[in-house]
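*Asks:* My structure is below; once you've seen it, I'll send some questions.
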Amino acid sequence: MVLRMNAFTFVGLFLLSLTWKAAWAKVEVNMEDRVEVFLGDTAQITCMFTVSDSHDDVIIQWYMITKTNVRLRIYYGDSTIQVVDLGGQFTDKISVNGMGKSSEVVLTIRDVALEDELEFICQVNGLSAGNTEGRTMLKVFASPDRPNIEGVHSGISVSNKNPSKIGSCEAKNGYPRPNITWYRDQSPLQNTPGEVSVVTLVTKKSSGLYTVQSNLHLNVVKEDKDSFFYCEVSYLVPGGTKMTETNKINITVHYPTTSLDVWVESPKGRVKEGDTVEVHCRANGYPQPPFTFMHNMQELKSELNVLVLKDVMRLSNGNITCTALDLDTYEETVGHTELFVDYLDPAVLIPKDTHVMAQGEELMATCNALSSLPTHTEWFKKGEKVAEGHTLTLKDAVFDMAGKYVCVVKVPSLEGLVTSGSLHVHVQGPPEIKESADTVLEEITETFLNLSCHARGYPTPVITWSSSDESQILKEVSHRQTEDEVLSVVIVKVTSDITANCNASNVHGTDSFPFSIKAIVQTTSSDPSTTEGRGVIIAVIIICILLLAILGSVLYFLYKKGKIPCGRSGKQDLTKPNKDSIVVEMNNDNTEEAVLLGVNGDKKSSSDQ
């Protein structure tokens, strides 16, 4: 009975020891809560485990939780075998690395797709130690394309009662869904009833990627014409959030006119008579409304916002009114400007036109022109300034003071405003003949001579010519006359000594001027024998020169042919015959015959030659 008790006691103690060991052996698994990866990249999910007080093999199994919350195994492995379950979405995409008693295993998923965003379970079975599992959520991200923004092209009126569409912003192909925020300048816009409305449209494509479109509606105000609008797209990426901004857009705002600017655009500065004036009108609203111009209560035609007045006169002075009609509110806005035209009347001279004065008298002439501005007056004679101011004074009149005086009146402060007048002054008196530098002229007989006589006086003198030799005829070839002067030119044939007189006369007297002409007789030789002798001498000289030229040419030719040898000293004995000697024989008749002589002096015929 005692032995049986001992046997039972032994078995109980053994079973108790096994139970105690199993109670103290356990498996620990550590895994990350989530693993994040970009679409198309490779994901690695790590399962770290520890099995204590067990020498048994460890079995690793990986599971996934489907979208419908179904648990499916995708992998099984121990120290001897590793198996990827067939027929699942991960059959060709996963691999598992690492085994051991106290180690880790890594599940690698290649080319991650959106449908791979699941929860994965790592189960570690330590046999006698039992089993434990850990879980990791795989998150997949896709950055959207660069967002696009497009504003409305038409104008937006501030008079609209409801918010008007400003623009549209779109972000394509993002995952998870991107968020779009609108900004005006640097301030974000939020939905505000009656003022701001943001409408968002989300589209999920068959690929699982999202496209988000956001439309902004706004009650615009005038200040929005200078504002810039843009979108900010925020989206999730592994480990954080990114943001991308679109380009900035500006909108066209229509707002009513409250005031007008009216001004003279051309000419710049003061306006003078004869100018073409451009009057511009501009409203402070947008777009520019239609304009109507009134000038001195008379409506004028205009082009857009420009009124053109041609050849304005002082009568054009007055008020110019521009009226704008707002097509939205049908309210009129009026603007004004004043037009003042400067003028300069024609010059008035006293005395005017022509004035006759006696020698020694005094003349005081005045020149004035009525103007809206201060004027300056100058007097000119023959292009040269002779006086300055409104008054011209001539004292002790002489003939040199006669002529045309031009009075020029101008406005110094306004270029182009100028007028002028003229005064012809005549000085009465007997004629005066301008004396010639040469009163005594010497000319060869039988030649023709021009004589000029210049006289002045008023009334215009009459010139006549007379000669000491009545047989000589003085023929007038030129006659030029002005109101105060006269010029007469005659031609005379010199045959003998004569005196020609120029006589000038008018109602006040006469004057004369003599021209003394001395005739010079030219002596020339007319002996025919002398002339003939000179001709003969010249002919002989020419013939001699020609003969010398011919002889020199023949000798040079023979020398070049070697027919004329020269000694070492450069001299030749002319008394000794030479076979190469050449003799030129000249006949005493008019022909020349050249005969070549041999060594003995025999003649050779021309054929032998």
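Even glycines carry a Cβ here, placed using N, Cα and C.
Keep in mind that TrEMBL annotations are predicted by a computer and have not been checked by a curator.
Pasting the feature list from TrEMBL:
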- 1-25: signal peptide (SIGNAL)
- 25-138: domain 'Ig-like' (DOMAIN)
- 147-250: domain 'Ig-like' (DOMAIN)
- 256-335: domain 'Ig-like' (DOMAIN)
- 346-424: domain 'Ig-like' (DOMAIN)
- 431-518: domain 'Ig-like' (DOMAIN)
- 536-559: transmembrane segment (TRANSMEM)
*Asks:* Under 8 angstroms, Cβ to Cβ: which one of 147-250, 256-335, 346-424, 431-518 has the largest number of such pairs with the domain 'Ig-like' (25-138)?
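*Replies:* When the Cβ pairs under 8 Å are tallied, 147-250 comes out ahead.
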*Asks:* Sort the residues of the domain 'Ig-like' (431-518) into helix, strand and coil with DSSP and give the three counts.
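*Replies:* The composition, in the requested order, is 0 helix, 61 strand, 27 coil.
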*Asks:* Restricting attention to the domain 'Ig-like' (256-335), give the mean pLDDT.
*Replies:* 92
